Amino acid sequence: MTFRNCVAVDLGASSGRVMLARYERECRSLTLREIHRFKNGLHSQNGYVTWDVDSLESAIRLGLNKVCEEGIRIDSIGIDTWGVDFVLLDLQGKRVGLPVAYRDSRTNGLMTQAQQQLGKRDIYQRSGIQFLPFNTLYQLRALTEQQPELIPHIAHALLMPDYFSYRLTGKMNWEYTNATTTQLVNINSDDWDESLLAWSGANKAWFGHPTHPGNVIGHWICPQGNEIPVVAVASHDTASAVIASPLNGSRAAYLSSGTWSLMGFESQTPFTNDTALAANITNEGGAEGRYRVLKNIMGLWLLQRVLQERQINDLPALIAATQALPACRFTINPNDDRFINPDEMCSEIQAACRETAQPIPESDAELARCIFDSLALLYADVLHELAQLRGEDFSQLHIVGGGCQNALLNQLCADACGIRVIAGPVEASTLGNIGIQLMTLDELNNVDDFRQVVSTTANLTTFTPNPDSEIAHYVAQIHSTRQTKELCA
C-alpha cells in the first residue's frame, strides 16, 4: 500500500486545528485525525480589536511537533485561514503595528468614502468583490490615514495564511484565492489593481504577484531535521471548503456554515453586471481558475455571541429546547450591520425585534430560535437571488463546515428554501486544504477527482424539504413580501 501523510492547519475566527490526513492511493481512501485543537478569538490591545498571532503560531508549531514526535513522515503541510486580515512586516521581517481584526471599528465610513471618490460600479467592475466595510481595501486606508507614522517602516503586507507560512518557511507568498477577498485584486488581470491600491494608501511594493494554489512556498524544518514542503493551498478557508463540497453538476449550490455563512455556486466566469452589483454578490477566486460566486451571511457568529454572553455550555440541550418552540415568532435580518460586533448581542437582537413590533425573545431557547429561523429565511432569500442571477434554479444545496452538524438548522434551511440539503463534510476547509496538497503531490488529478474521494469517504446526511412545516408556510404566506437589508452594501 502507498500512503501519503499531509498536515492541514485550518484557522477559523473562533478556533484552529492541526489535522493529519492519511491518503491510501490504491483504494483512494482518506482519513483525518485531529492532532491539536485550540481556541482563537478577538482581543483588545491599545484600543484596537486584534488577533493574537503569536499564540496562534505557537499552537501551529505545537501541533506540527506532535506529528513529528509520533515518528510520522509528513509529505506536505498547508495552511488556510479567514480572509481580509493581514500582518505588516519591515525589511527584517519583524511585525509593524498590530494584527488588527476585521471586526475593529477603524474602517467605519471608509467604504462609503471609497464609493463616493472612486465610484461604486468602477470598484465592482475592477474587483468583482462584494462591498463589506472590513475589506482589506478599507483596512489599509484606515491604517495609512490613522497611523501614517508606520508607513516608512512597512516593507511587506502578508495576509494571514501567507504570514503563518512565512513564519514556518522564511519565504513570502501571496496566494490568489485569499488575495481576492481583499477587494484589491483586478478581476481581469488576477494581479493587484493599481487604482484601488493607490486609494488604499498602500505601496504596491508591499505585495508580490498572487500565486494560484498548488505551488510549494518553501520548507519547514521539523525538530528531527527533515525538510517538509509547505504548499500554497486554497488558503482562504471558504475556498478550501468549496473544494471539499461534493458538488454534483451545475445545479448544486453550497453553503459553508460556520462563524460566517457563505452561500454560492461555482462558475467558470464572474458575474459583475448591475444585477450582481445590486445584490452585493462577490466573485472570489477558487481553485483551477473557477470563481466562487457567493454572498456573505452573518452566520453562527450571532449564536456564538449569545452562547458566550449567556454562558451556555450545552449546545445540544439548547437546540433541543429550541426545536420545541414555534417557528418564526421572532425574526431579524442577520445581515444588518448592527450585528457585526455589538457590545451585547442578546440586547441587540432584542432591540431589533422591539423596533419591528415583534415579541421579544427573552430565554436562551427563544434567542436561539430567533437566530435559526432568521438564518434559514435569509438562506432562502440568497438562494433565490443566486438562482435569478444565473438564470437557473438549484436542485440541491450542500452545507459544509462545522455548522452542518446542526440538524435543526439544516432542516429549517431545507424547508425554507424548498430544496434538498446534503450536510457534510464537517471538516470541509481541512479536507479542501488536503485536496490541493494531494494534487501538488500528483496523487490526484484535479478538484473533481478529489470530490469523488470526498463523496465516498465523508459522512453525508440528506434533509428533505417539508412543505407542510411552519417555516415553509411562513415563507409562502408572509416572507415573500419581506424586505431585507443588504449586509453593508
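Note: Cβ is positioned from N, Cα and C throughout, glycine not excepted.
Pulled from Swiss-Prot, these are the features on record:
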- ASP237: active site, proton acceptor (ACT_SITE)
- ALA13, SER14, SER15, GLY16, ARG17, THR259, GLN304, GLY402: ATP binding site (BINDING)
- GLY83, HIS236, ASP237, THR238, ASN296: substrate binding site (BINDING)
- CYS68-CYS222: disulfide bond (DISULFID)
- CYS353-CYS370: disulfide bond (DISULFID)
- CYS413-CYS417: disulfide bond (DISULFID)
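Structural mapping of features recorded in Swiss-Prot.
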residue : record                       : contacts (Cβ under 8 Å, 6+ apart)
ALA13   : ATP binding site             : ASN40, GLY41, TRP82, GLY258, THR259, TRP260, TRP301
GLY16   : ATP binding site             : VAL9, ASP10, ARG37, PHE38, LYS39, ASN40, LEU56, ALA59, ILE60
ARG17   : ATP binding site             : VAL9, ASP10, GLU34, ILE35, HIS36, ARG37, PHE38, GLY63, GLU427, THR430
CYS68   : disulfide bond               : ILE74, CYS222, PRO223, GLN224, ASN226
HIS236  : substrate binding site       : ASP80, THR81, TRP82, GLY83, PRO161, GLU175, THR177, ASN178, THR180, THR181, GLU284
ASP237  : active site, proton acceptor : ASP10, LEU11, GLY12, ASP80, THR81, TRP82, GLY83, SER256, SER429
GLN304  : ATP binding site             : SER14, THR259
CYS370  : disulfide bond               : ARG329, PHE330, THR331, ILE332, ILE349, CYS353, PRO361
GLY402  : ATP binding site             : GLY12, SER257, GLY258, LEU300, VAL426
CYS413  : disulfide bond               : LEU255, LEU375, ALA376, TYR379, ALA380, LEU397, ILE399, VAL421, PHE463
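Neighbour counts of Cβ atoms within 10 Å were taken for the binding-site residues SER14, THR238, THR259, ASN296; the minimum is at SER14. Across ALA13, SER14, SER15, GLY16, ARG17, THR259, GLN304, GLY402, which the record gives as binding ATP, the greatest C-alpha separation is 18 Å. Apart from GLY83, HIS236, ASP237, THR238, ASN296, the residues listed for substrate, the same chain places the Cβ atoms of TRP82, ASN178, THR181, ALA239, SER256, TRP260, LEU262, GLU284 within 8 Å of the centroid of those Cβ atoms. Fewest Cβ neighbours within 10 Å among the disulfide-bonded residues CYS222, CYS353, CYS417: this applies to CYS222.
Put simply, of the recorded positions THR238, ASN296, CYS417, the one whose Cα is nearest the Cα of SER15 (ATP binding site) is THR238.
Of the binding-site residues SER15, GLY83, GLY83 has the largest number of other Cβ atoms within 10 Å of its own Cβ. Each residue contributes its Cα atom, and for THR238 (substrate binding site) and CYS417 (disulfide bond) these two points are 22 Å apart. In this entry, GLY83, HIS236, ASP237, THR238, ASN296 make up the residues listed for substrate, with the farthest two CA atoms of the set 14 Å from each other. Here ASN296 (substrate binding site) is positioned 17 angstrom away from CYS417 (disulfide bond), judged by their C-alpha atoms.
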